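Inspection log for the structure reproduced underneath, given as structure tokens.
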Amino acid sequence: MAEMVAEAAEIPTQSSGAVEISTAVSGELAEMATAVTEMTSGEALASSLFFQHHQFMCSECGSLYNTLEEVLSHQEQHLLTMSEEETLTTQDAGLEPELVPSTGEGPFQCGECSQLILSPSELLAHQDAHLQESASQIQYQCGDCQELFPSPELWVAHRKTQHLSSAADEPPSPLPPPTPPPPPPPPPPPPPPEVKMEPYECPECSTLCATPEEFLEHQGTHFDSLEKEEHNGLEEEEEDEEEGEEEEDDDDEETDEEEASSELTADDTGSNKSTADSAQSCGDCPQHCTSSGARHKHRRASHGPASATHAFHCSQCQRSFSSANRLVAHGRAHVGGTHECTTCSKVFKKAASLEQHQRLHRGEARYLCVDCGRGFGTELTLVAHRRAHTANPLHRCRCGKTFSNMTKFLYHRRTHTGKSGTPTRVATVSPAPAEPTPPPLPPPAQLPCPQCPKSFASASRLSRHRRAVHGPPERRHRCGVCGKGFKKLVHVRNHLRTHTGERPFQCHSCGKTFASLANLSRHQLTHTGVRPYQCLDCGKRFTQSSNLQQHRRLHLRPVAFARAPRLPITGLYNKSPYYCGTCGRWFRAMAGLRLHQRVHARARSLTLQPPRSPSPVPPPPPEPQQTIMCTELGETIAIIETSQPLALEDTLQLCQAALGASEASGLLQLDTAFV
């Protein structure tokens, strides 16, 4: 952590704890005490006593703030945007990692000592130990030997024992006789000429700045160029899968920066040495510079500030970058080439991205949910899953800020102890008397959020918080033709092809064209026969992840049948969620419901169309006949067939006529099953 040297504070000489000399003390001790008092109360004490003053720096963009409230308010904008992008990335990926035991490797790593921790609670406790060690960073430095002391008492004792020994070793002399009043003091010497100092150094290009305002303005040029490079990278991607790959690459950006910087400093490889040599030469004129900071100053002074923004050019693809580290990281893509997945033939730019992608095929679960025990392959999918358990964010700081990402939460906690990556001081500041601090202002009125415990100082911040955290995802990008909203700009570009009819992606096997690269890749699996997605329960393979997820619903159901039987609607209500509103049938999948609805659509179209040719009139169905059986004592004595249904009285009369004996009418039995 860069140390900020501030103005030295003067120690008052006439304090309550000043050294009191008794009148009974001998002359030798009085002379030594007077020498020590004069030394510690003069300019020597003020010029040798230093303490550190910490400023708060944003971990995302490097902006400096004097108070904690200002940097927290500023970081809120970065964190809300990045959490929304992570959620959208997880939803766009469309992949669900398998439920398998973890590999045993610790999912969390301490950023201070690189120790692997198994659970988030242990990681937070481990981080607290580091924070307590570095909680007190104020030290006092001796101006003669540059030794540091944790308290002013130790500093004064060191000055008395080490640097005032010459005055103590002098032979004692008797007290001087009383002298007349001293003459008036000479006029003070003129102040020394003011020296221009540039205490702020840029970590990207080593440029020195005199004030924090100039430092922030200079840092903005690097961040603008970085945003432009990321925007150009997104423009080159064609589909959501490639966008997910870019986001995986962004997760390893810090590792790539460290590897690139180590490659620049290494001398054992000729290509790295040539790249470092080319980084110190100006691309517009033959002048060579000794350092990257001198080169940046030369380009800004001679060729304008615009030329210093993207000063590093790739010799193979003519792309420009703002720093030599990014140029070296980009050059590895030309040297090492791309990396292809052997399972699904997906191509990645980095080996780390390929390894992370292959974990999905192997079913590794490195991140476990502490609530339900489910395993996930990436931290993004784990964070998205944890939001299903609770609506509030996962990590809460003592200052009131909440985070859904543990890494951002740990970086934020370091700002409370001053370890936020402040710029390095390269020159000291002349001492000046400390100014009295103004009384603290009363806190502004806080507006609480009705959905979470957070509160805000203004209504605009409260509305922005509710819209970004608790509201639905915004669709800021609109289609100029139909006005449909999208979350990302690349989705608008893909949607415009539906209006123009453009199909730029063609299959080399059958010549069929598609509007997106993802649809072409999905279609090519039908030619190659590759089924990259396999069910771990039954071993069945699928060409698309959506088909695998639909298939897994059969295994997750409480009852599984070898053959789907015909069950009543009440039995299928909780197992088949797709319902036909025409005939009332239930289906397990939407595809089955759509195929079934085509039958009703075809039937309706046939009823609406006129007959093409007169069809032969079918013969009338035979009229139903009614059979009446008359029995007597269990024996059938008459069978009567009628074409029209008869009443019960008429049937009894027919039976009596058939028997021919009126006295036997009481013994007649009518078989009502045939009436």
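Here the Cβ of each residue, glycine as well, is placed from N, Cα and C on the backbone.
Per Swiss-Prot, the features are as follows:
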- 171-194: compositional bias 'Pro residues' (COMPBIAS)
- 225-234: compositional bias 'Basic and acidic residues' (COMPBIAS)
- 235-261: compositional bias 'Acidic residues' (COMPBIAS)
- 269-281: compositional bias 'Polar residues' (COMPBIAS)
- 418-427: compositional bias 'Polar residues' (COMPBIAS)
- 611-624: compositional bias 'Pro residues' (COMPBIAS)
- 160-195: region 'Disordered' (REGION)
- 225-283: region 'Disordered' (REGION)
- 415-439: region 'Disordered' (REGION)
- 606-625: region 'Disordered' (REGION)
- 56-78: zinc finger (ZN_FING)
- 108-130: zinc finger (ZN_FING)
- 140-163: zinc finger (ZN_FING)
- 200-222: zinc finger (ZN_FING)
- 312-334: zinc finger (ZN_FING)
- 339-361: zinc finger (ZN_FING)
- 395-416: zinc finger (ZN_FING)
- 447-470: zinc finger (ZN_FING)
- 477-499: zinc finger (ZN_FING)
- 505-527: zinc finger (ZN_FING)
- 533-555: zinc finger (ZN_FING)
- 578-600: zinc finger (ZN_FING)
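Summed and averaged per residue, pLDDT over the zinc finger (395-416) gives 73. Secondary structure of the zinc finger (312-334), assigned with DSSP and counted as helix (H, G, I), strand (E, B) and coil, comes to 11 helix, 4 strand, 8 coil. Helix, strand and coil residue tallies for the zinc finger (447-470), in that order: 12 helix, 4 strand, 8 coil [DSSP].
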